[in-house]
Amino acid sequence: MASSQGYFSVLLHAFVLATVATLGFSQLSPNYYDYSCPNALSTIKSVVEAAVQNENRMGASLLRLHFHDCFVNGCDGSILLDPSPTIDSEKNALPNVGSLRGFEVIDEIKQAVDEACGKPVVSCADILAIVARDSVVALGGPTWEVQLGRRDSTTASREAANANIPAPFFSLSELITNFKNHGLDEKDLVVLSGGHTIGYARCLNFKAHIYNDSNIDPNFAQYLKYICPRNGGDQNLAPLDSTAANFDVGYYSNLVNKNGLLHSDQELFNGGSTDALVQQYSYDNEVFFEDFASSIIKMGNIQPITGDQGQVRVNCRKVNY
């Protein structure tokens, strides 16, 4: 009886996740701002392009903000809220503190788009989703229609961020479970991990991999040890792949050659169920681009706040009072 109840509970959880995702998707539209602010998307794009042109690493930082926002309590802009007496900011969560960047660019975009619209019309959550797309395009990646109409949360949770954002030391089974808990499948895991084709990681996050793991090319590990000594150097940076300023399939080629920077990256190609997909993406840029666009749209529809729930923040860092 207990096992049948447990099975029913799993089915119910899966049903609720599917229902929430479907309801969220049905209330979002790529045309959401066509009448209320027709210049919104072009305004955002111009600021993103300037920011990435000024510093190509910014593209990866802006993409990561969207990922880390969606993986906490859904894509609701909570990642942008600063600490306050009523906000336990997700910026101070272990995966984020001292690591997330790009908040000033979001501030600049918010100011520019509000001026273009004549008032606060575009939510901070939608800004994150649009900026993710525009950053990928600016670095040579695919484009996609961003579903819009999210509203902003009035709360944040450092505890939820600590619990829900995938860690760089996760095993493949832990990664699969984490993504499944967000309504994402094994293919989404492999595809969205391809976001690591751009950007950098801190020594703190790959030190254990280069000193303790055996599934890493010895020459690659030795090179990284100059950047990341066994003692100290935790904030030193290394590129997540060999073409970190270009959105391409280099990330997957690196995994096939055991040159994954993070333990969690190399887990995707380590004799497990995701090997074949990594192998395919390593030589098929077109398929990767198509699949990345599909999976990030799916991720962007994780539990959005819509309708008359939440708010459209005047300042992305603060709740409207």
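The backbone N, Cα and C atoms fix where each Cβ goes, glycine too.
No curator has checked TrEMBL annotations; they are predicted automatically.
Residues or ranges marked as signal peptide in TrEMBL: 1-26.
Marked as domain 'Plant heme peroxidase family profile' by TrEMBL: 27-320.
As annotated by TrEMBL, disulfide bond applies to Cys37-Cys117 (among others).
Arg64 (site 'Transition state stabilizer') is surrounded by 23 other CB atoms, counting those within 10 A of its CB over all protein chains shown. Under the heading site 'Transition state stabilizer', TrEMBL lists Arg64.
Residues within less than 8 Å, Cβ to Cβ, of His68 (active site, proton acceptor) and separated from it by at least 6 positions along the same chain comprise Ile79, Glu90, Pro95, Asn96, Leu100, Ala161, Ile165. For His68, the entry in TrEMBL reads active site, proton acceptor.
Less than 8 angstroms from the CB of Asp76 (Ca(2+) 1 binding site) sit Asp69, Ala125, Arg150, Arg151, Asp152, Ser153, Gln303, Pro304, Ile305, Gly310, each of them six or more residues away in the same chain. The Ca(2+) 1 binding site annotation in TrEMBL covers Asp69, Val72, Gly74, Asp76, Ser78, Glu90.
Of all Cβ atoms in the protein chains displayed, 29 besides its own lie within 10 Å of the Cβ of Cys75 (disulfide bond). According to TrEMBL, the disulfide bond annotation covers Cys70-Cys75 (among others).
The disulfide bond annotation in TrEMBL covers Cys124-Cys316 (among others).
Feature annotation from TrEMBL assigns substrate binding site to Pro166.
The heme b binding site annotation in TrEMBL covers His196.
Close to Asp241 (Ca(2+) 2 binding site) in the fold, though at least 6 residues off in sequence, lie His196, Thr197, Ile198, Gly250, Tyr251, Asn254, Asn259, Leu261, each with a CB less than 8 Å from its CB. According to TrEMBL, the Ca(2+) 2 binding site annotation covers Thr197, Asp241, Asp248.
Residues or ranges marked as disulfide bond in TrEMBL: Cys203-Cys228 (among others). Note: Cys203 (disulfide bond) has non-local neighbours Ile227, Cys228, Gly233, Asp234, Gln235, Asn236, Leu237, Ala238, i.e. same-chain residues 6+ apart with C-beta under 8 A of its own C-beta.
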Rounded Cα-Cα span from Cys70 (disulfide bond) to Ser78 (Ca(2+) 1 binding site), Å: 9
Ca(2+) 1 site, defined by Asp69, Val72, Gly74, Asp76, Ser78, Glu90: further same-chain residues with Cβ within 8 Å of the Cβ centre: His68, Cys70, Phe71, Asn73, Cys75, Gly77, Ile79, Ser153, Ala156, Ser157, Ala160, Ala161
Shell of the Ca(2+) 2 site beyond Thr197, Asp241, Asp248, same chain only (C-beta within 8 angstroms of their C-beta centre): Gly194, His196, Ile198, Leu240, Ser242, Thr243, Ala244, Asn246, Phe247, Val249, Gly250, Tyr251, Tyr252, Asn254
Neighbour-count leader, CB within 10 A, binding-site residues: Ser78, Thr197: Thr197
Overall pLDDT for the domain 'Plant heme peroxidase family profile' (27-320), taken as the rounded mean: 97
Euclidean distance between Cα atoms of Pro166 (substrate binding site) and Val72 (Ca(2+) 1 binding site), Å: 10
